[in-house]
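See structure below.
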Amino acid sequence: MTNEKVVAEKLLQINAIKLSPTAPFTWASGWKSPIYCDNRKTLSFPFIRDYVKSELCNVIFEQFQDADLLAGVATAGIPWGAMAADQLKLPYIYVRPKPKEHGLGNQIEGHFEKGQKTVVIEDLVSTGKSSLQAVDALRAAGLEVVGMVSIFTYGFAVAEKAFADAGVAYKSLTNYNSLIEIAIEKNIVTPDQQSILLNWREDPANWTGA
Ligand SMILES: O=P(O)(O)OC[C@H]1O[C@H](OP(=O)(O)OP(=O)(O)O)[C@H](O)[C@@H]1O
Ligand SMILES: O=C(O)c1cc(=O)[nH]c(=O)[nH]1
């Protein structure tokens, strides 16, 4: 089994994937979707959490050897970035969607030096907007973003294009296609659910419900 499918299998094992075609989920982008991947749940299962953390570290180590700083995307990317930074003994910061409205007014929390080579850690990519917003904030603060790693991506063309346009090298531990393949192999999705997911995937931005 590919690594992508192993990670997807673990997400299914802990019911991190929810299907609700008739009462769709609303995503951060405002898109309606019959599927929701809740990576936050992974934090509650120590052995799977440890596996995902190790996979994140392997990817960071293999793909971005020159990294000297990790940056988590708030909120769901924060714990993963922190765990990976701890394992790899790298400094760590995290990025809020906007500057805090009290206290120090920071958008980026933690200590960093301009020019540090930074890898962004996100739990999940749909449109890529949240991750790229963090990339913009990091670049505006003088950091050099060398790449980004997520646990899960839907693999939408809009996100792939946005990362390419922004010049961000991107790697995800698993993705929607691997998830669906394994869910079908294991009879986790019914034929009806399969056809809804297929139909949704053709035009997710305009899908309104089954
Ligand atoms: O690629 P995008 O279209 O931006 O969507 C993905 C984002 O959505 C989720 O965050 P959300 O804002 O739901 O909240 P959280 O991280 O605070 O849980 C997820 O953690 C990503 O950050
Ligand atoms: O796009 C989102 O907001 C989103 C989708 C998803 O499957 N899981 C999640 O946590 N956020």
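Yeah, the Cβs are placed from backbone N, Cα and C, and that goes for glycine too.
Where the annotation comes from TrEMBL, it is an automatic prediction and has not been curated.
What TrEMBL annotates here:
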{"type": "DOMAIN", "residues": "62-157", "note": "domain 'Phosphoribosyltransferase'"}
{"type": "BINDING", "residues": "ARG96, LYS100, HIS102, GLU122, ASP123, LEU124, VAL125, SER126, THR127, GLY128, LYS129, SER130", "note": "5-phospho-alpha-D-ribose 1-diphosphate binding site"}
{"type": "BINDING", "residues": "SER126", "note": "orotate binding site"}
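Positions of TrEMBL features highlighted on the structure.
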residue	record	contacts (Cβ under 8 Å, 6+ apart)
ARG96	5-phospho-alpha-D-ribose 1-diphosphate binding site	ALA74, ASN106, GLN107, ILE108, GLU109
HIS102	5-phospho-alpha-D-ribose 1-diphosphate binding site	none
ASP123	5-phospho-alpha-D-ribose 1-diphosphate binding site	ASN39, ARG40, VAL73, ALA76, GLY77, TRP80, SER150, ILE151, PHE152
VAL125	5-phospho-alpha-D-ribose 1-diphosphate binding site	SER131, SER150, PHE152, THR153, TYR154, ALA159, TYR170, SER172
SER126	orotate binding site	TRP27, ALA28, SER29, TRP31, TYR154, PHE156, ALA159
THR127	5-phospho-alpha-D-ribose 1-diphosphate binding site	ALA28, SER29, TRP31, PHE156, VAL158, ALA159, ALA162
LYS129	5-phospho-alpha-D-ribose 1-diphosphate binding site	ALA28, SER29, ALA162
What binding-site residues among HIS102, ASP123, VAL125, SER126, LYS129 have a C-beta sitting less than 6 Å from any atom of ligand 1? ASP123, VAL125, SER126, LYS129
Can you list which of these binding-site residues (ARG96, HIS102, SER126, THR127, LYS129) have a Cβ closer than 6 Å to ligand 2? SER126
When the domain 'Phosphoribosyltransferase' (62-157) is classified with DSSP, how many of its residues are helical, how many are strand and how many are coil? 26 helix, 30 strand, 40 coil
Limited to the domain 'Phosphoribosyltransferase' (62-157), I'd like the whole-number average of pLDDT. 98
Among ARG96, LYS100, HIS102, GLU122, ASP123, LEU124, VAL125, SER126, THR127, GLY128, LYS129, SER130, recorded 5-phospho-alpha-D-ribose 1-diphosphate binders, what is the largest CA to CA distance in Å? 30
